[in-house]
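Since the structure comes first, as structure tokens, the remarks are kept for the end.
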Amino acid sequence: QLQWMGFDPPHQSDNRTIYIANRFPQHGHYVPQKFAENRIISSKYTVWNFVPKNLFEQFRRVANFYFLIIFLVQLMIDTPTSPITSGLPLFFVITVTAIKQGYEDWLRHKADNEVNGAPVYVVRSGGLVKTRSKNIRVGDIVRVAKDETFPADLVLLSSDREHGCCYVTTASLDGETNLKKHAAVPETAVLQSVANLDKLVAVIECQQPEADLYRFVGRITISHQIEEIVRPLGPKSLLLRGARLKNTKEIFGVAVYTGMETKMALNYKSKSQKRSAVEKSMNSFLIIYLIILLCEAILSTILKYTWQSEEKWNEPWYNQQTDHERNSSKILRFISDFLAFLVLYNFIIPISLYVTVEMQKFLGSFFIGWDLDLYHEETNEKAQVNTSDLNEELGQVEYVFTDKTGTLTENVMQFRECSINGLKYQEINGRLVPEGLIEDFPDGVQPSLTHEEELFLKALCLCHTVQINNDQTDSMCASPWRSNGLPSELEYYASSPDEKALVEAARRVGVVFTGANAESMELKSGGKPERYKLLHILEFDANRRRMSVIVESPSGEKLLFTKGADSVILPTSKNGEVEKTRLHVDEFALKGLRTLCVAYRKFTEEEYKEVEQRLFEAKTALQQQEERLAEAYNFIEKDLELLGATGVEDKYILPVYLGKEILTQGSCDHFLQPSDKQNQRKLDSINYVINSAMW
């Protein structure tokens, strides 16, 4: 009935509709959807619920509940010991733990208030209005400056860069320190002023919030004069809360997910009480001692009544029973005696142990922060303990699994070898030389490239996401070549260090990438400038394990260039020296080099029209977009002609062997899991290098 009235409750819909700048329709049945406030809450307690919630969590512990029962027993029956002997230590344990957890939660409240109260600028009433992060609403247009973090999940509208691109780092979200490129749709990318953005009339339809950082499906409908323009939105359009803007002066984006609906917040772990392995082990021993205690109490009670079965021992002259005791129920007397023995023997479980453990956790967290070995001098940061409940878990680690790139290596790539059309090449003094061939050229003279070599290098210069420093892009039309014909130093930066290394290698041997924008890419081969129209970018993803671009050459040919893992490129290649290249890739891998295969495909006009149609339908679909894109990519990235393969070296960090030696001394097993090539021989060679350095 609600849907018949024109209202679709948000929780029942797979999509959400966002009116940019909150320009809601003036006609029709429209009921505003209820979105979350842009307030992050990482704390567990409030002033009102701290006492009951903390007590509930503490008495969920077996030890605390046990001592509470003992204390209550001492209050209920006549026992030979004072209730203070159990109540006071229990009160001390509960109080110390509550103070510790309250202090840690106060720190979380303090951090939340800093984040929620951070100043931000939003576009309202034709101007920039300064407000606080917690006041951002879904649909607001937000301005973010360089080196600032995004206060909500934003769809990029424009930036100060040409064609509306920007670069971000997501180190605080996924640990990746490399820069990632994001781009706005062409219709909003040109709106670089507040006045123009304030006039924007557009609607965004996207999926409901989900925790996956790398998935976003949506579309934007822009009212342009008398027509409506529909553009697809994907992960490259979404700027995640917690990410930081880099190499871009400012951007404007519209908030689509706020507060606890942002992807960062959805990835928060549950704030329930955590139990360490030591505490779980203590609880196991506690159960054993409880069983022993019960057995002792039962046995003592039975022996008492056995002893008192003779009348002379039941009521000695110095301990005469009262009339009430003589007439009381035997069952009640048995229970009372059992509980009395329980109280007498309860010290088998030492409450001082739990006091000591709590104090050790609390004070140990300070020592972690004071540890100079955990201090990072470059960023002036020390180790920060968010919760002290799991300090001792650091000593329980037995297995350490690491990847290779950026963990054991410097993440600084250097081109070493390549395979082109079945021939293996090395770079020697800025020249591409076939293996086994040593030929001298006069200084300053660049050897001519064969057609296969030039096509291979052009593929490296076109199939990438590398950008040139902003200060140099203005000089794209000027010659990037010295008078002697050698390329000058262009400053490249990229989200992938592999791509940067390959583009720099191509520049050194004669094919220079000179710049790119949303519409075209430029390069120079042998000093001759060439402009390729950029038609489509098929972004890299972990399933396809490759990246592709579709370009139009200066001669009008529609070309697909693709590079990726040999396991996906070689099986889809129908032409080229596949077997020779496969052998070369294995040789590169055994040397510890990172390998990529490169291929291309020519499209006829009819084939390209079908490619365009399939991509448009897949990108604008709101349902099953990923599956439809995968089908389109499979249709496009087939029948390839193999060009060759590359081998790039990622140098190992010098102290790697020291780290592994420390892990070995600490009885930790270390396992390496690189993802660039699943080859056991390569893993063996990498471990051999590290172990050789150790010994």
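Here the Cβ of each residue, glycine as well, is placed from N, Cα and C on the backbone.
Whatever TrEMBL says is automated annotation, not expert-curated.
Check TrEMBL against the ranges 367-405, 523-561, 601-639 and you find coiled coil recorded for 601-639. Counting residue by residue with DSSP, the domain 'P-type ATPase N-terminal' (29-86) contains 27 helix, 0 strand, 31 coil. Under the DSSP three-state reduction, ARG594 (ATP binding site) is assigned to strand.
LYS563 (ATP binding site) counts 27 other C-beta atoms within 10 Å of its own C-beta, drawing on all protein chains shown.
DSSP assigns LYS563 (ATP binding site) to a strand. In the structure as shown, the Cβ atom of GLU499 (ATP binding site) sits within 10 Å of 22 other Cβ atoms.
Computed over the coiled coil (601-639), the whole-number mean pLDDT of the model equals 87. GLU499 (ATP binding site) carries a helical DSSP state (H, G or I).
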